[in-house]
C-alpha cells in the first residue's frame, strides 16, 4: 500500500490554518459585541483585576452568562451589554469607580455595591450612560457630593446611593428628571437644607429616603404637591412643620420622621387610608392623637414616643395593639395601653 509522507513544513502550515479557522469560527459565533467586551476587560483592569472577576476572559463570550454580573440584551437580539452587577468584589487596594463604564452605552441597569475599597467621587463619565434606568451605588466608600450631571440622564427611574461616604448638599437639578420614581440616599453625610425643587418631582415620583444624614432646616412647603407612598427623613436635624407630608387625599403608606426636631400639631393632619407605618418618635410634636388613626385598617407599625403629645389615646382600630413603648415619654398622653387618664 502506498504511503504519503506530508512534509513537516506543510504539516505545520496546516496546523496554523486549522487554528485560524477555529479562532475565526469562534469569533463569528460570539454574541458579545467586541466594543462591549473591550470595555468590560478595561473595567476589570481599572478595578485591579480582582479574583472575583476571573470569569471575565478575553477568550470567552461575555454574553454566554458565564461572565459574573454581566447580562446582554437577548430580547431585541442586539446582544449589547445592558445589565452590569459589580457587587461584592474584593479589590486589592483602593480604586475609584472606573470611568471606562462610559464605554457601555447600552447599560440599562448598573449596580455597584458592597465594595469597601471603592473610593473617590462619582465620575462624570456616568453621564454618558444615556439609556440608564437604574443606578445603584451602595455600601462603598465613594465620597464627594451627589453630582448635578445626573440630571442629564433623562431615562433614570431609580437612584440609590445608600450607605456611602457622600457629603455636600442635595442637588436641586435631579427633580427635573421626568421618569424618576424614587431616591434612596440614606446613611451618608449629606448636609444642608432639602431643596424646594424636591416638591416638583414628576407625578411618577413616589419614594424618598434620605435618612441618617445631616440635613437641617425645614421640610419645604412644596412637598404638599407630592404624593409619596414612602418617605423616610428620619435621623436628621430637621425642624418645623412636617404636616405637608400628610393628607387624606394622598396614597401614603409609610412616613418615617423619627429623631429630628420637628414641631407641629399632629391632631390637624390628614391621614391616608393606606397608611401602614408611622414613626414620629423623638421629635417635638404636640397636640392629641387624631381620631382618624382608629380608621386605618392597614396600620401595623406606630411609634409616637418622646414627643409633647397630650390627651387620651383614641380607642379602637389597631391602636391598642401597640405596646407602651409606642406612646411612652410624652407630655401628658394617657389611656390604654398607657395608664388611665385622670
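Every residue, even glycine, has its Cβ placed from backbone N, Cα and C.
For reference, Swiss-Prot has these:
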- 1-29: signal peptide (SIGNAL)
- 32-62: disulfide bond (DISULFID)
- 63-72: disulfide bond (DISULFID)
- 64: N-linked glycosylation site (CARBOHYD)
- 82-107: repeat 'LRR 1' (REPEAT)
- 108-132: repeat 'LRR 2' (REPEAT)
- 133-156: repeat 'LRR 3' (REPEAT)
- 141: N-linked glycosylation site (CARBOHYD)
- 157-180: repeat 'LRR 4' (REPEAT)
- 181-205: repeat 'LRR 5' (REPEAT)
- 206-228: repeat 'LRR 6' (REPEAT)
- 229-252: repeat 'LRR 7' (REPEAT)
- 253-275: repeat 'LRR 8' (REPEAT)
- 276-299: repeat 'LRR 9' (REPEAT)
- 300-319: repeat 'LRR 10' (REPEAT)
- 303: N-linked glycosylation site (CARBOHYD)
- 310-332: disulfide bond (DISULFID)
- 334-341: disulfide bond (DISULFID)
Distance [Cα-Cα, Å, rounded] between residue 141 (N-linked glycosylation site) and residue 332 (disulfide bond): 45
Distant-in-sequence Cβ neighbours of residue 303 (N-linked glycosylation site), under 8 Å, six or more positions away: 258, 278, 279, 280, 281, 322, 325, 326
Within-chain partners of the repeat 'LRR 3' (133-156) [C-beta distance under 8 Å, separation at least 6 from its ends]: 94, 97, 108-122, 124, 126-127, 162-171, 173-174, 176-180, 185, 190
Pairwise CA distance, residue 32 (disulfide bond) versus residue 63 (disulfide bond), rounded so that it is a whole Å: 5
Model confidence over the repeat 'LRR 1' (82-107) (mean pLDDT, whole number): 97
For residue 62 (disulfide bond), the one of 72, 310, 332, 334, 341 that lies nearest, given that the disulfide-bonded residues are compared by Cα: 72
From 64, 332, 334, 341, the recorded positions whose CA lies within 10 Å of that of residue 72 (disulfide bond): 64
Fewest other C-beta atoms within 10 angstroms, as judged across 63, 310, 332, which are the disulfide-bonded residues: 332
CB contacts for residue 334 (disulfide bond) [other CB atoms within 10 A, all chains]: 16
Cβ contacts of residue 341 (disulfide bond) (under 8 Å, same chain, 6 or more positions away): 311, 312, 334, 335
Those disulfide-bonded residues listed as 32, 62, and which of them has the most Cβ atoms within 10 Å of its own Cβ: 62
Other C-beta atoms that fall within 10 angstroms of the C-beta of residue 72 (disulfide bond): 23
C-alpha spacing of residue 63 (disulfide bond) relative to residue 332 (disulfide bond), in angstrom: 65
Protein Cβ atoms within 10 Å of residue 64 (N-linked glycosylation site), excluding its own: 12
